[in-house]
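Heads up, the thing below is written out as structure tokens.
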Amino acid sequence: MAPPIYSALIISLGLGTTMTFASTHWYLAWMGIEINTLAIIPLMAQNHIPRAIEATTKYFFVQATASATLLFAGISNAFLTGQWDISYTPYTLTSTLITLALAMKIGLAPLHSWMPEVMQGLNLLTGLILSTWQKLAPLYLIYQIQPNNPNIFIALGLLSIIVGGWGGFNQVQLRKILAYSSIAHLGWMILILSFSPPLALLTIIIYILMTFSLFSSFMLTRTTHINSLSTTWAKIPILTISTPLILLSLGGLPPLTGFMPKWMILQELTKQSLCPLAIMAALSSLFSLYFYLRLSYAMTLTMPPNNPAGTLPWRLNPRHKTLPLALTTTSTICLLPMTPAIMSLMPF
């Protein structure tokens, strides 16, 4: 893809999300999300292979369905209330339709089935954009809705945590595993959104840091299959240490950064007298922890295949800048001691 076209598409991605963030009108917010969708489709189809074209087609149909539902719900809400204000959705039917449409856009269970298949057809950079930046605008709108009955958020969040962990059990393709990881983390965000929006924001920020670190590590080693992880030591040895720590941080193990949001979410659910929900969420996260441990085991405790001399890549010069990876990896691993300072800065 030509650099000017690529730059224009990246600028359009930023413009669409910014337009949605700045909107108080349903139509403008919908337009921002559509700009986002139309900007990422050429990025997804830039590799002219059948799998990428199939993934792009699936993504387009799913997003078109969700966008049509969202526009219909917004028009219905404006017809019933007489105004287009995003934060004013007093009717249960319209708020539920809007929530489900946005849940389909970001891949929340049970509207998640497109996410792993689309991720499998993309390169790692486009998959990173799909897993992080494309989630921001719909999550902002979900935050703006805030229905009177939080049960739909609880149901979507808990189901996403379970499905995200269960779906990644027997996967060997790293992009599908990352897709199920994204679904599970989105479940934690939605679960706490109606009780503590600042905590949901903290969870999103930490999720983006961890996901960026993991995708960048896989891009450096050009790894897309679990069997390829065992040769990481021969390509970039330091990643053999850092990548398992990133995976364990995604799983929420202390004393890593990923433990912070899950710990605080469980604490907040307990304060809200939702102890059974907190227990179910904690137990369901063990599913995700299993496949993170599986990846860590494949990376550190397995021997590489016996390749003939000269065919095993030895300490390749990285094609990408490694400073962002170093910064985000440090944040992914070492931020847990900063929890008291973060809690004092954010209005929990």
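Every residue gets a Cβ built from N, Cα and C, even glycine.
Features reported for this protein in TrEMBL:
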TRANSMEM  6-28  transmembrane segment
DOMAIN    23-287  domain 'NADH:quinone oxidoreductase/Mrp antiporter transmembrane'
TRANSMEM  59-79  transmembrane segment
TRANSMEM  91-111  transmembrane segment
TRANSMEM  123-145  transmembrane segment
TRANSMEM  151-170  transmembrane segment
TRANSMEM  177-195  transmembrane segment
TRANSMEM  201-221  transmembrane segment
TRANSMEM  233-253  transmembrane segment
TRANSMEM  273-293  transmembrane segment
DOMAIN    289-343  domain 'NADH dehydrogenase subunit 2 C-terminal'
TRANSMEM  325-346  transmembrane segment
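Sequence-remote contacts of a segment are chain residues at least 6 beyond its ends whose Cβ falls under 8 Å from one of its Cβ atoms, and for the transmembrane segment (6-28) they are 34-40, 42-43, 74-75, 77-78, 84-87, 129, 133, 136-137, 140-141. Taking pairs at least six residues apart, the transmembrane segment (201-221) and the transmembrane segment (151-170) share fewer than three Cβ pairs below 8 Å and do not count as touching. Sequence-distant residue pairs (6 or more apart) of the transmembrane segment (91-111) and the transmembrane segment (325-346) include fewer than 3 whose Cβ atoms are under 8 Å, leaving the two stretches without contact. Residues 13, 16-17, 20-21, 29, 32-33, 36, 40, 43-44, 46-47, 52, 86-87, 89, 95, 98-99, 102-103, 105-106, 175, 178-179, 182, 186, 189-190, 193, 197, 200, 204, 207-208, 211-212, 215-216, 218-219, 224 of the same chain lie 6+ residues outside the transmembrane segment (123-145) yet bring a C-beta within less than 8 angstroms of a C-beta in it. Between the transmembrane segment (233-253) and the transmembrane segment (151-170) there are fewer than 3 Cβ pairs closer than 8 Å, counting only pairs 6 or more residues apart in sequence, which means the two stretches are not in contact.
Below 8 angstroms of C-beta separation, residues 103, 106-109, 112, 115-116, 118-120, 127, 131, 135, 139, 142-143, 146-147, 150, 153-154, 156-165, 167-168, 171, 203-204, 207, 211, 214-215, 226, 250, 261-262, 265, 268-269, 272, 277, 281, 285, 287-288, 291-292, 295 of the same chain, each at least six residues beyond the ends of the transmembrane segment (177-195), sit close to that stretch.
Mean model confidence of the domain 'NADH dehydrogenase subunit 2 C-terminal' (289-343) amounts to 75 (pLDDT, 0 to 100 scale).
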